[in-house]
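Beneath this line is the structure, given in structure tokens, with notes to follow.
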Amino acid sequence: MELPSQASALSASLYNNSVLLNASENFTNEHFTEINLLEILGPKRSPFFLPVTTVYLLIFLIGLSGNVLTCAVIAKHKRMRNPTNFYLVSLAVSDLLVLMFGMPLEIYDLWQNYPFPFGEGGCYFKTFLFETVCFASILNVTALSVERYIAVVHPLKTRYLSTNQHAKRVITVVWVVSMICAIPNTSLHGIFYLPEKMEESAICTVLKPLWIYNLLMQITTACFYFIPMMIISVLYLVMGIHLGRERRHARRHLGKNCYSSSRRNLAVENGRRRQVIKMLSIVVAVFGLCWAPFHIERVLWSSVSQWTDLMHNVYQYVHILSGILFYLSSAVNPIIYSLLSTRFRECFRELVCSHTDDSNSVRDSPPFPKTLLDPSMAGPRTQALMKDSGSIVPLLSPKGTLSMDSAVLTCMCKEAPCNTSEF
């Protein structure tokens, strides 16, 4: 998997692959003047260098600051350290690797398509890095979606499937699998020279037969984009249906005789859970949309055997668009968190301004609340009510997940208790 805008010379080299091979046979080193290189490899500097670089630098500044703050916020506040947030930190690390290592190489390629200055090792590192972070990103998003699905639809399993230790193990597996799966494509790449290893002609590109590369592209695109996105879409659809069913179920069974505080607690919790799912579904949707041109480009690239001038010109524009969206996906997540997450905004303000104490600033508000029936977390007034009534009140705690299917909700009623046995 190459970065969509990994190098303008790379697309030119594939487009002119047959020309390069023929040229290698028919020309000697002395024939390869600057004019010959221009005809075969194209211009050294991309005509889109200035506008694309400007956009990239803006994305870099936003993405770098946003992802660093995301990691810092979660690292600073212990109550933010839950499985969902660990997956988001892993995703942020992947985005930071792309922005800090991938984008500078990309900008250099726009400035000077060839020769590639970092040798064989640099070519392998470049390809391996992009492959790894691309695989890790989609696997992190998939793992995050599965974790939320378990918490919402199968809350009884959260005790052993939605723990911090389990999340850390999954994240480790995600990165190991990503690195292993990055090896095949990396092994296909290397430095291509025109005859006599002319240094001025060096480009980092595919050296093995193109049919192997094309087959690998189609397999990885299916396994690391289309199939995961289908699975994720089904998971969020099921979660949406489940939350809607719980909401209707609650309205039917929490009667008018219950204290309004009980109904209000339940309504607030359901609202929080819906907000979490809404925010994460937006993250997934934006991720899918930003990566779609990249994978469409890969499929197009791997399915065309003979390139025409028109196809090459169209490809250049798709190449630029997919590159911008690819990097944009690495910068947009912190913006989504700040717009849709009350808790993130509070922690962000505290981290930047340092005006409030950690224990007072982090409240039980979205994006990632976890709740449990825990009387020990109640305030004095609620504990007094519980002592007088002998009832259990649903309270917020960071230790578990409340579900309408498993929570025991004994309402404090004035006249007759609500039937909560079905919950």
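From the backbone N, Cα and C atoms, a Cβ is placed for every residue, glycine too.
Annotation comment: TrEMBL describes 48-74, 86-108, 128-150, 170-195, 215-238, 276-294, 314-340 as transmembrane segment. Positions annotated as domain 'G-protein coupled receptors family 1 profile' by TrEMBL: 66-337.
Counting only same-chain residues 6+ beyond the ends of the transmembrane segment (276-294), those with a CB under 8 A from a CB of the stretch are 4, 84, 137-138, 141, 144-145, 148, 152, 225, 229, 232, 236, 239-240, 243, 318, 321-322, 325-326, 328-329, 332-333, 336-337, 340-341, 366-369. Mean pLDDT for the domain 'G-protein coupled receptors family 1 profile' (66-337) in the predicted structure: 84. Only pairs six or more apart in sequence are counted, and the transmembrane segment (48-74) with the transmembrane segment (314-340) gives three or more Cβ pairs under 8 Å, enough to call it a contact.
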